[in-house]
Amino acid sequence: MRFFLRVSSIIDTVNGAIGRLMGAAVVVLVLLGVINVVGRYLGAHLGMQLSSNALLEGQTYAYNLIFLLGAAYVLRQDGHIRVDILYSSFGPKPKAWIDLFGALLFLIPFCALVVWLSWDYTLRSWGWTHFPHGWPDVERMERSPQPGGLPRYPIKTVIPLAFFLLMLQGVSEAIKRIAWLSGVPGSPLPGRPEATRPPRPESTA
C-alpha cells in the first residue's frame, strides 16, 4: 500500500503545483479583462483602436486554462460541487465508499472517454493527420478566424491534458479511500482532505 500512496502523493503534488499556477493565472485573467475594458472605452473616446482580437481571445484562453487545468486541483481539495443532501450526513466510512465507487465507476471512465474522444480532435487542430508518423503540418494548424487572433491548437491541446490530469487525480483519490478503509495510518479522512487517520494505538501487552 505504501507504493500506491507514494504514487498518490506524486499525483497530488503535480496537480497541487498546477492548481497554484492557475491561481496566479487568475491575476492574468483579471488584468486582461481590465485592459480590454479600458482599451475599448478609452479607444472609443480617443478615436483609436486600443484593444485587439489577440487580447480579447487571450482573456478567453486564460479562463479556459483556469477552468480546465484547475479541475484536478479542486478535486484534490474536495471542492467540487456536490448534491449532498444525504452525503453530508454520512460518517467517514460511508463517505469513503461513495467516493471510491464514484471515482472507479464514473469519474475515471468518464475522463478516459473524454481523453479518447478529444485525441483526434486535438491532432486535427495541430494539422497532424498521420500521427504518430510524420510531423504536424504548420500550414494546417488551426488558427483564429478573427484578424490578429491567437492560434487555436494550443488551447485545444489542454482539453485531453486536463481530463488526463483529472483522471489521475481520480486514481489518487481512489487510492486514498482504499487506504483509509484499510485502516492505513495517515490516510486522509473522507470529506476532510486536511485531516488524516490517527496512528494505531500501540499494544500494551
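Using the three backbone atoms N, Cα and C, a Cβ is placed for every residue, glycine included.
Listed in TrEMBL for this protein:
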- 29-178: domain 'Tripartite ATP-independent periplasmic transporters DctQ component' (DOMAIN)
- 21-38: transmembrane segment (TRANSMEM)
- 58-75: transmembrane segment (TRANSMEM)
- 96-119: transmembrane segment (TRANSMEM)
- 153-171: transmembrane segment (TRANSMEM)
Same-chain residues near the transmembrane segment (58-75), Cβ under 8 Å, at least 6 residues beyond its ends: 15-16, 18-23, 25-26, 28-29, 32-33, 36, 150, 155, 158-159, 161-162, 165-166, 168-170, 173
Folded-back contacts onto the transmembrane segment (153-171), same chain, C-beta under 8 angstroms, at least six residues removed: 7-8, 11-12, 14-15, 18, 61, 64-65, 68-69, 71-73, 75-76, 103, 107-108, 111-112, 114-115, 118-119, 121-122, 125-127, 141-142
Number of helical, extended and coil residues in the domain 'Tripartite ATP-independent periplasmic transporters DctQ component' (29-178), per DSSP: 107 helix, 2 strand, 41 coil
Predicted model, mean pLDDT over the domain 'Tripartite ATP-independent periplasmic transporters DctQ component' (29-178): 89
